[in-house]
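*Asks:* Sharing a structure here in structure tokens format.
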Amino acid sequence: QLTPSSFLRIGQLSNVDLNEDIHELETELPRQRPNEIPHNEKLLSLKYESLDYDNSENQLFLEEERRINHAAFRTVEIKRWVICAMIGILTGLVACFIDIVVENLAGLKYRVVKDNIDKFTTKGGLSFSLLLWATLNASVVMVGSVIVAFIEPVAAGSGIPQIKCYLNGVKIPHVVRLKTLVIKVCGVILSVVGGLAVGKEGPMIHSGAVIAAGISQGRSTSLKRDFKIFEYFRRDTEKRDFVSAGAAAGVSAAFGAPVGGVLFSLEEGASFWNQFLTWRIFFASMISTFTLNSVLSVYHGNAWDLSSPGLINFGRFDSEKMGYTIQEIPIFIFMGVVGGILGALFNALNYWLTMFRIRYIHRPCLQVVEAMLVAAVTATVGFVMIYCSRDCQPIQGSSVAYPLQLFCADGEYNSMATAFFNTPEKSVVNLFHDPPGSYNPMTLGMFTLMYFFLACWTYGLTVSAGVFIPSLLIGAAWGRLFGISLSYLTKGSIWADPGKYALMGAAAQLGGIVRMTLSLTVIMMEATGNVTYGFPIMLVLMTAKIVGDYFVEGLYDMHIQLQSVPFLHWEAPVTSHSLTAREVMSTPVTCLRRIERVGTVVDILSDTSSNHNGFPVVESNPDTTQVAGLRGLILRSQLIVLLKHKVFVERANLSLVQRRLKLKDFRDAYPRFPPIQSIHVSQDERECMIDLSEFMNPSPYTVPQEASLPRVFKLFRALGLRHLVVVDNRNEVVGMVTRKDLARYRLGKEGLEELSLAQT
């Protein structure tokens, strides 16, 4: 009998295989790639695996835990603190390296171009200067894009979406490798020096996470070096906690905001949290800020004055000059609304652009060409804007690093050049702190418009780059414009200081794009060194988030969704109570018996059509009428280690004189377990028997078939599970719930949607 629910099931299980049309193309036209990859945001990719955040409590694990006494636990705790300190120090040093190299290279580039422009302004022929500037930019960006596109594509972008997925429990390939760190650091230096509309703050978070993952393992698989320390931490649960500490250390090195780093890790990053973690993460963040501070102070020649806490320093905002009154609060809220709308526009444009990139610009050479094009266009736009601008300001009393005179009178400089002819960080600080009257409203309006589209086009290129600073810069420009127009309207009244509105505009724009509330408030407060603005910044960010969420989701969530990652949010979709575990689970399940033939295990693992990673273990005497009840769960990685060490005996009734495996053997294989194809099993060995009793997890989490989807979701999400076995009332295995089964359901415009699974 076909009930309505079974019709529903038939519709659900039709997997879309997008590879078929690609294969057809390949057979007709040999060695020619398809020009278009069909991509649809209503898909969930099957190429992402989950991480094992739930420890497998088999006999080996329990024996080891029982052997550890109280003193040994204390040394483990001390090791955790030592690792956190090392994470902080190394993240701070990487941030210093990036900062110093960028400062010197960018300074060199701007000096060369400035001398060139000054020379040609007098005798004509400025088009040559434009060519020089565009060529310099494009060539630097070409190097930065080639290393990302051809060596390590995971290093593209800011890395925040990838780290967010990793902490959620999705295994993104290569995301915390040493190679990724090297490419990330070099790539971000090159893209900032190449004059793209990017910041170096976002990638610091990814760099911190890679450093944390590497240190906590006490070895490098890329360098084939094992330092034999920290072996206790070689499992996903421990690694995850350190990675969230690394992300926090990255934020605090970037903004000089240790508290903001902890809150960022809590709000955007970590999906799992406990109280001991908070204190350790705060420690790592503080150490990271302090390291950066002391090294940069020594570098700038004043060793005892710790005055540069972060990569970006917004400078001091004095409360006396820049207080705010109660009647300004509605104005701030209005700015929040504008920021939310502009942020939603930015995200929507970037969404269509990214869809276009996934479909058509998927070859590395095309990606490099696009990055060079953007670099050349950015330089050209900047040059044309500076050339056409007639906004001249007196030089004395101003703190411009590279004043361009161009067609201004002697002793004056072109104020459009302070915005374009500078690294974005410096431009933000100038917009915050230049005295009133430094900028013409026309200059600011044109700059905002141009930079908005440039930044939108740049995010998602194949270069390492963050979106923090460009957003702040766009916001600071329109905020300052807003402040200037206010002081026109109020006939130059004292409270309309443009710098204050530049700060609010920056917060509104960044909040409208990335939709962070709590951590961003604290980061802005710590970066300005002023608590007075806490309330208005919070209001602005809340408004921007509410308004922006009405139109489209935040930039990072959008990119996670575009990559078809099975990401689990905090709660199940609101309307999903009607679904039960029976409708959600995957069937049929491949089960193993407790004492199993080696040949069967090898065949199951080698079967590419069902690439399962967890196998329920059932009772192994098939002749009796006894129910094949669930006895435990064993992972693919554990089975591979067993086969590799040849832990099996010839006949089932032999008293089991096996090679005793230690937990260390499993830890040494982590995290890159060999594929089953690399393990050779002879014909005789296939007939042997393998006993899974002491390696399987004897107490896996199970749910009955009738459990509702929100209940299953809560259990799965809160415990960080990878496999949840569904059993009937006789404790027989009927199905298995994995991450993809839960991530398939999403709230769309019309209510509950279901995504199809695809092999892309």
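Note: Cβ is positioned from N, Cα and C throughout, glycine not excepted.
According to TrEMBL, the protein carries these features:
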{"type": "TRANSMEM", "residues": "81-102", "note": "transmembrane segment"}
{"type": "TRANSMEM", "residues": "130-151", "note": "transmembrane segment"}
{"type": "TRANSMEM", "residues": "181-198", "note": "transmembrane segment"}
{"type": "TRANSMEM", "residues": "242-264", "note": "transmembrane segment"}
{"type": "TRANSMEM", "residues": "276-299", "note": "transmembrane segment"}
{"type": "TRANSMEM", "residues": "329-349", "note": "transmembrane segment"}
{"type": "TRANSMEM", "residues": "369-388", "note": "transmembrane segment"}
{"type": "TRANSMEM", "residues": "442-461", "note": "transmembrane segment"}
{"type": "TRANSMEM", "residues": "467-489", "note": "transmembrane segment"}
{"type": "TRANSMEM", "residues": "501-525", "note": "transmembrane segment"}
{"type": "TRANSMEM", "residues": "531-552", "note": "transmembrane segment"}
{"type": "DOMAIN", "residues": "696-754", "note": "domain 'CBS'"}
*Asks:* Could you tell me what the rest of the chain brings near the transmembrane segment (81-102), counting residues at least six beyond its ends with Cβ under 8 Å?
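*Replies:* Long-range Cβ neighbours of the transmembrane segment (81-102): 181, 185, 188-189, 192-193, 200, 204, 207-208, 211-212, 215-216, 230, 233, 242, 245-246, 249-250, 253-254, 280-281, 283-292, 295-296, 299, 311, 423.
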*Asks:* Could you pull out which residues elsewhere in the chain have a CB under 8 Å from any CB of the transmembrane segment (130-151), counting only those six or more residues past its ends?
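*Replies:* The answer is 109, 112-113, 116, 179, 183, 186-187, 189-191, 193-196, 364-365, 367-368, 371-376, 378-380, 382-383, 461-464.
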*Asks:* Is the number of Cβ-Cβ pairs under 8 Å between the transmembrane segment (369-388) and the transmembrane segment (181-198) three or more, considering only pairs separated by 6 or more positions?
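*Replies:* Contact between the transmembrane segment (369-388) and the transmembrane segment (181-198): present.
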*Asks:* Using Cβ distances below 8 Å and needing 3 or more such pairs, separated by at least 6 in sequence, tell me whether the transmembrane segment (329-349) contacts the transmembrane segment (442-461).
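*Replies:* The answer is yes, given that the two segments have at least 3 Cβ pairs within the 8 Å cut-off.
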*Asks:* With a cut-off of 8 Å between Cβ atoms, can you find at least three pairs linking the transmembrane segment (181-198) to the transmembrane segment (276-299)? Only pairs 6 or more residues apart in sequence count.
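*Replies:* Touching, no - the transmembrane segment (181-198) and the transmembrane segment (276-299) miss the threshold of 3 or more Cβ pairs under 8 Å.
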*Asks:* What residues elsewhere in the chain lie close to the transmembrane segment (276-299), defined as a C-beta under 8 angstroms and at least 6 residues from its ends?
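*Replies:* For the transmembrane segment (276-299), the nonlocal Cβ contacts are 80-81, 84-85, 87-89, 91-93, 95-96, 99-100, 208, 241, 244-246, 248-253, 256-259, 261-262, 265-266, 270, 305-311.
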*Asks:* So how many of the residues in the domain 'CBS' (696-754) end up helix, strand or coil by DSSP?
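*Replies:* The counts are 16 helix, 22 strand, 21 coil.
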